[in-house]
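Student: Just passing along the structure, written as structure tokens.
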Amino acid sequence: MADAMNELCNLTQHLQVDDDQLSNLKLKNGYSLFPHQEKVMLWMKYRENLTKKECRKEGEKTWGVRGGIISLCMGLGKTLTALAYSFQNKASFPTLVITSKTVMHEWKTEGVEKFFDSDNIRVLYLHRDYIKNIDKISRDDIMTYDIVITTYDVCLFACKKGNYFLQCFEMGEEQSLMKNKIVAIHTRKRKDANLPNLKGTAVIYGTPWERVICDESQKFANPKTMTYKCIMAVYGKYKWCLTGTPIRNYETDIWAQLRFCGYKGVERSHDWNRNGQGLIAFKDHNLISAIFTMSYDDAQMSLPEKTENNLTVKLEGQHKEIYEGILTETREMYKKMMNDLCSFTYVLAMFTRLRQCAIAPYLITPDAKRNSKEKKNCSEWCLDKFGGAGIKSSKILKIVEIIKSVTLNDNPNCNSNPKSLQLLAKEKAYSCFGSDYIKSSNFEISHPTKIIVFSMFTSCLDLLSEAIKEDYPNFKFVQVDGDTKNRSELFDQFKNDINTQGLFLTYKVGSEGLNLTEATHCICIEPWWTNAVHNQAKARLWRTGQTKQVYVHNVIIEGSIEEKIVEICKGKDDMAASYLEGKERIKSPVRAPKLDKFTLGKMLGI
């Protein structure tokens with residue numbers, strides 16, 4: 001990160017922001033860009049000019065990259081900066097923005113409508129939620145807009161329907177071993193994307209966009225997925241990736257996003273991933289120059305204090321017996337797999353069940369997944385169809401205790417004496433977190449404390465919901481997961497309704513792109529495979545706009561598979577740092593642990 005910032009400082013010494021251009025941004029009265037956002041716009045202009053032959057320095061190579069990756073810390077304003085730059089640099093064709101359905105509402109309300117005057121800009125939201133007759137949209141229609149905003153799902157549907165991704169494939173030669181196999185996936189050519197007669201969402205693939213901006217670009221960072229293939233089929237003269245975490249799991253994460261931007265130095269993920277060649281190419285091709293990284297310190301901005309509480313919970317009684325039984329069974333399956341008696345996929349499924357069991361055995365006991373051995377071991381957990389046994393789990397009880405301890409003192413739905421509730425909250429917080437936590441906390445009643453709870457399992461959130469309803473009925477909350485239809489309304493309720501203090505979210509839906517600074521507490525029910533997801537989740541509330549101290553509660557089952565996952569995450573952090581922080585002292589590449597047979601065996605203690 002330091003190397004990239006030094007290069008940017010050198011760049012800004014001979015390139016200056018055009019004040020006249022900035023004055024034409026048409027921001028609403030009272031709003032202006034931060035200095036670091038102006039620097040990003042300067043850098044974007046430099047990168048787009050760099051691809052033009054007349055502006056290219058002698059001997060300077062771009063390796064095909066036309067744009068780059070904007071990796072600002074969450075909350076530094078990637079959305080506003082991207083919008084401002086696109087409005088400032090209009091061209092004959094519009095700019096296309098691709099984001100998730102959940103975050104699309106944020107682009108509309110917290111981006112376009114909040115900062116820009118509608119009289120000066122035109123934005124089309126290409127989604128059925130915003131356009132009833134979306135199938136009638138034509139190229140001529142979208143040409144009247146400055147920016148078109150759509151979602152990854154819309155792109156996926158349109159691309160698969162038209163098979164546009166096939167134009168990106170390089171197939172093996174007839175006489176080679178790779179005959180009829182995909183050798184490489186390239187960006188689609190302009191001549192293939194200039195299809196003026198297409199209608200509906202297909203216009204995404206029939207328009208040579210001036211620029212394409214992919215928000216939360218780590219969503220397509222796995223080159224094996226259909227999403228990656230469909231995004232590669234979107235043509236843009238310039239391409240930009242917006243992400244707070246460009247590397248999450250593997251070295252190919254950064255490669256896939258650079259390939260979308262046009263990188264041609266290494267065209268196959270296999271070559272990038274082989275024996276540390278990716279890091280070598282990254283440095284030799286000076287790809288750090290195509291990535292703008294910035295922290296809050298770099299931006300000279302400060303945030304309120306953030307306190308992380310790592311809480312361990314012990315399994316006891318029948319829950320412990322069930323967990324150990326499934327652990328033993330998973331180890332047995334692993335040994336069979338090593339002798340080719342069962343598949344890796346089956347063992348991986350057992351591993352997921354083990355993770356669920358660490359939270360509550362109830363999570364792994366739907367009728368379709370039960371077997372006779374589980375029925376015998378799980379007894380009341382298996383027979384319980386409504387979660388009554390599940391809410392007795394140590395972790396669920398601890399989370400309910402945390403929620404009560406930080407919200408009871410100012411719950412607007414309670415009729416109890418506020419002073420007694422305040423003492424109760426202090427007493428409970430002391431039992432949970434200790435005296436140091438009490439000393440650092442302000443328990444004075446002001447605005448009701450709001451709390452966000454994250455989990456990777458929807459069934460876990462369902463279980464927590466039942467526990468809250470039984471043990472803390474006055475606590476009002478909303479839950480948003482993959483099946484939730486009215487997400488925007490529920491987010492607005494959490495943010496604006498003083499009586500709604502809780503928001504239960506799956507990581508997949510809520511860990512990216514949302515601004516939820518109304519909350520000051522965050523609970524992570526279980527560890528994810530990478531800390532980047534946790535950091536994204538925490539950044540929903542610990543970001544620009546937050547004025548209060550933030551508390552994060554990580555709940556881990558002691559001696560369980562969860563502790564092993566935390567260790568795996570550390571290795572991934574080191575790998576990401578070896579790329580983005582420019583650590584020249586690293587003589588050999590730092591390899592991220594993969595979820596393969598070796599890693600799985602290590603986590604199982606084999």
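The backbone N, Cα and C atoms fix where each Cβ goes, glycine too.
According to Swiss-Prot:
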BINDING   Leu72, Cys73, Met74, Gly75, Leu76, Gly77, Lys78, Thr79  ATP binding site
DOMAIN    59-264  domain 'Helicase ATP-binding'
DOMAIN    437-586  domain 'Helicase C-terminal'
Student: Using DSSP, how many residues of the domain 'Helicase C-terminal' (437-586) fall into helix, strand and coil, respectively?
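Tutor: So the counts come to 60 helix, 29 strand, 61 coil.
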Student: Given a separation of at least six residues and a C-beta threshold under 8 Å, show me what packs close to Thr79 (ATP binding site) in the same chain.
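Tutor: Looking at Cβ-Cβ distances below 8 Å from Thr79 (ATP binding site), excluding near sequence neighbours, one finds Glu106, Trp107, Glu110, Gly111, Asp215, Leu242.
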Student: Around the Cβ of Gly75 (ATP binding site), how many other Cβ atoms lie within 10 Å? Please give the count over every shown protein chain.
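Tutor: I get 21 for this one.
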Student: Three-state secondary structure of Thr79 (ATP binding site) from DSSP?
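Tutor: DSSP call for Thr79 (ATP binding site): helix.
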Student: If you take the centroid of the Cβ atoms of Leu72, Cys73, Met74, Gly75, Leu76, Gly77, Lys78, Thr79, the listed ATP site, which other residues of that chain have their Cβ within 8 Å of it?
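Tutor: Surrounding the site, in chain order, are Gly244, Arg543, Thr544.
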Student: Using a Cβ cut-off under 8 Å and a sequence separation of 6 or more, which residues in the same chain sit near Lys78 (ATP binding site)?
Tutor: Ile70, Leu72, Asp215, Leu242, Gly244
Student: Sequence gap of 6 or more, Cβ distance under 8 Å: name the residues on the same chain that satisfy this around Cys73 (ATP binding site), in order along the sequence.
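Tutor: Result: Gly244, Met294, Ser295, Tyr296, Ala299, Ala539.
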Student: Any idea what the model's mean pLDDT is for the domain 'Helicase C-terminal' (437-586)?
Tutor: 85
